[in-house]
Amino acid sequence: MTAMVAAAAKNDVPALHAALAAYDSPGDDVAAALFVSVSSNAIDSLQVLIEHGADINVPTEGMSPLMLAISTGNVPIVKTLVDAGADIEFRSKDDHSPLLYAVFHGQAEICRLLLDRGVQVNHATSDKKVTALMVAAMKGFVDIIPMLISAGALVEAATSTGKTALMSAAAEDQVSAVESLADAGAVVDAVDQNHQTALAAAAARGSAGMVQCLLRRGAQLDVQDENGRTGLLLAAMNGHEAVVKLLVQGGAQLESRDKDDDTAVAKARRNAHHQVVQVLLDAGAVDCKSNLRTPSVKGALAAITSGSRSIFARFPTRKEAHAADSAADP
């Protein structure tokens, strides 16, 4: 550690002035001292370096000094940098913005400061298309969510997999965040790239609290995903009895079939979820354990290509049939 960096870390202004005077061209030392002053919350050192002409936007490992300050939550340091011209639209190596950093760390005051300075509220990361609102929703920051929406955040913006902020909140069981987004007009029945709704996803993982929340908000019960599965089918196949009861009480269709031509009862029975089977039967579902259905061509092909036991295995070959007939002859 150089004398300049050490002085900055200790917030020792006289020593920092002396170190700066000793260099004709301090270069990298100034950048290092700037980062250290930010990470050490040494605001006096920071101001000296800014007055000396330090570049406040030079990144270290893809992170700007402003982002570092945001991650520490030091509002005066953040304000000092912003007032000095720090780039509020800087992008990290992961294409994260200062606002995204502030939201991720739950820094409501810093979010407000950046929004007041006109930061882009709808920046989405280049890879997954994640916005600040989605992060706030996922982490349940109900103090930040309305702030972002008031600043123009797009409630229905979606990630690269088609998930909205409300779906992100629901996936993390952030009930209050879902309520806040719904109050702002978020579509409860939006579907992702798999045509799955927030309700279906919550049902699949057995989140009774989130299912109740979404039902209160008027979520449709029988939306089918790309596999033809409703929330009830998903809950039944995964053995989530409490969720099955909620959906049944809500009026879910008991006989809805997926692309395998299975009902909720069939899914639950196949996976040995006996209590779920009983709940469904008590609600009036048809027990099709003895039903013999002609397998579809699509089902046959899927069974073969997946490496599972072929549905054609139940039919004997000509040779096997001949052998069986011969054995049966007296």
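Residue numbers in this text run from 1 along the chain shown.
Placement of Cβ uses the backbone N, Cα and C atoms for every residue, glycine included.
Beyond the ends of the repeat 'ANK' (61-93), by six or more residues, the same chain brings 34-35, 38-39, 41, 43, 46-47, 50, 99, 101-102, 105, 107, 109-110, 113-114, 117-120, 123 to within a C-beta distance below 8 angstroms of the stretch. Residues or ranges marked as repeat 'ANK' by TrEMBL: 61-93 (among others).
Panel annotation: around the repeat 'ANK' (94-126), residues 62, 64, 66-67, 70-71, 73, 75, 78-79, 82, 88, 132-133, 135-136, 139, 141, 143-144, 147-148, 151-154, 157 of the same chain, lying at least six beyond its termini, place a Cβ under 8 Å from a Cβ of the stretch. Feature annotation from TrEMBL assigns repeat 'ANK' to 94-126 (among others).
Feature annotation from TrEMBL assigns repeat 'ANK' to 128-160 (among others). Across the repeat 'ANK' (128-160), DSSP classifies residues as 14 helix, 0 strand, 19 coil.
According to TrEMBL, the repeat 'ANK' annotation covers 161-193 (among others). Within the repeat 'ANK' (161-193), the DSSP-based counts of helix, strand and coil residues read 16 helix, 0 strand, 17 coil.
For the repeat 'ANK' (194-226), residue counts in helix, strand and coil come to 17 helix, 0 strand, 16 coil, using DSSP. Residues annotated as repeat 'ANK' in TrEMBL: 194-226 (among others).
Per TrEMBL, repeat 'ANK' is recorded for 227-259 (among others). Only residues 6 or more beyond the boundaries of the repeat 'ANK' (227-259), in the same chain, are considered here, and those with a CB under 8 A from a CB of the stretch are 197, 199-200, 202-208, 211-212, 215, 221, 265, 267-268, 270-271, 273, 275-276, 279-280, 283-286, 298.
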For the repeat 'ANK' (161-193), sequence-distant contacts whose Cβ falls under 8 Å of one of its Cβ atoms, 6 or more beyond its ends: 128, 131, 133-134, 136-142, 145-146, 149, 155, 199, 201-202, 207, 209-210, 213-214, 217-220, 223, 225
The repeat 'ANK' (61-93) - residue tally per DSSP class, helix then strand then coil: 17 helix, 1 strand, 15 coil
